[in-house]
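Asker: One structure is given below, represented as structure tokens, and several questions about it will come after.
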């Protein structure tokens, strides 16, 4: 269901608004029409679904603040229509408009816009005061929402006694207390310190997961846009130049402008497990026999398999050794040898920044599961690194053994195999390498396109090395997708790398702030 | 009358004179009503201030000072007004105080709404600006004459001259105060669906109050500075005493009446300034 729909909206400041719109429609530029009036918003069309977080991003002067003010009718569009909850607001009387604002749309402001002469509690109750809710009830509601935003007990203070971050929490409580479906946030966190801003962003995301409001968020900070937005509209000089998910904009910018904009974005906060996960192929159902498992490992050239139930619910993993033992003991199925050891699961929406630590402590690819625990993909460590940047040959400290092509997997979808397990080397050492590399790549991350095809770059880099079989010094085994020949390459031993603890944090978290 | 370009003479004064003659006749009913209201108000306040025993009045004034500001001002009030009584200027002072109260009440009642209008509308603001300039810079003696012509001699012309002179800062500072209110806060009111009246009474006026109070303080001080002129128009009180001291070269009376004016001025200034610091906004700031 559409909460807000804008179609071909223009806003021109100046007396000859209609003329300017005509001119713009006839193809003239904004600068040519400057003398007639300033076109702040040009031909903006978008729809925001109910429950969606829609971010409008652009530099100052790009028209984003004007755009948001047309949604609640503070500005009337010069041309075009804005519909809120199915009603065209340009046809409303000022009374209807006021009712719409108090019932449907709440707003959070850049500089908080609190009433300095009222207490925090009275400020939070302001929207309800306009709705003419009785005093005791509205103060009660205000206290509730202050509690929700983490300001319980501050109700009797005045806004001037609070820090900026706390004041904006009051602003947020005031907007939430209005209990509207739509929340407009105009550069709501831009005036805050970076650390506080980050905290507020996290809080908003958390609140949104329970409140499920339609949020329209204005920002000039792309990291913020990418972190908060289900979809993002990028504005430039009054026009919306691209609308898409964070990933669309990051991986497929429409023009140079958007591309240069996204250059510096902190990818680890934007990309999620789902955007870098690969299709799991080294997977077997738990009803299969050990022989089947061994054959499959041979086919897909791995030394371990993830095990699911028939309805693809992840139950654990088995190693080649366990499968061979089970086969020797004549086990009918794999259930007895499944282990959950080392199997870490993440959700598709987990941001990449949170995958590093987990990945570095796990020798097996991270399993991506949905709400029902169903396996929907895997994130091998190398895919994680590769998403940050192309891996250059000079930094190749990962001893990698490429085995062979794998187009013969038992599962029809098998086109790439990613599986790994610690072998001879001690797992901690292997993890240490992974951890260290994660740090290295993350901090070196070059702003190039994110490649979805994981290991290819390594393949292209083609570092020649002695072929080393499974169980050599290689802690990882994986097969790149379009691998042609059987040219295996391995590398120096993991010990060459200074060991960094497996819990080495991914430092990229702070980057975008 | 022929107009000689090289020796120009425009009979502007005569035009005004005839205009005043005309309006005195045309609006005589209205003018006499105005005169009655102002006279009645003055009589009421003068009665209220002068009929109690002077000691009781001093205590009441000191109590007001205490409530508004604190014990220091209360002590000053006790000493100051006792001094006024000792200078034998008590009745004159109460008369002047009554005149100032009436003039200020009416000036404020006119200037605040005008200031609000001027803040809301650029057209009103543009029209008011030269009018206010005119009222402030025109020598008071120049408009005292037509006022005396219209209203005769007494308290009423004194009050009207005082209102005209004291009004402009009230309008100007009210307009400024409301225009200075953070537009984002006003927008917040609008965004949550508040009506214009609600925004004015709950957001703009409270936030503008410290500056508006400064304007009212200016109105009071200007009104007090007009008492001598009011005396010229035949008003009783300290102004009248100063005028008669000039005409009779009575140095003692002039000095005593002048000192009483100063004491009243300091009292009114400190009390109104203290009231300005008690607005909701100032309370919040000092919390």
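Cβ coordinates come from backbone N, Cα and C, glycine included.
Bear in mind that TrEMBL entries carry predicted annotations, made automatically and left uncurated.
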Asker: TrEMBL tags one of B:27-48, B:181-202 as transmembrane segment - which one?
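Answerer: Here TrEMBL associates transmembrane segment with the stretch B:27-48.
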Asker: How about the transmembrane segment (B:27-48) with the transmembrane segment (B:140-167) - do they touch, taking at least 3 C-beta pairs under 8 Å (6 or more apart in sequence) as contact?
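Answerer: Taking Cβ pairs at least 6 residues apart, the transmembrane segment (B:140-167) and the transmembrane segment (B:27-48) are in contact, with 3 or more under 8 Å.
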Asker: Out of B:54-84, B:96-120, B:140-167, B:249-268, what stretch is closest in contact terms to the transmembrane segment (B:219-243), meaning most Cβ pairs under 8 angstroms?
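Answerer: Most contacts with the transmembrane segment (B:219-243): B:140-167.
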Asker: Taking residues 6+ outside the transmembrane segment (B:54-84), which of them lie with a CB under 8 Å of any CB in it?
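Answerer: Long-range Cβ neighbours of the transmembrane segment (B:54-84): 90, 93-94, 259-260, 263-264, 266-267, 270-271, 274-275, 278.
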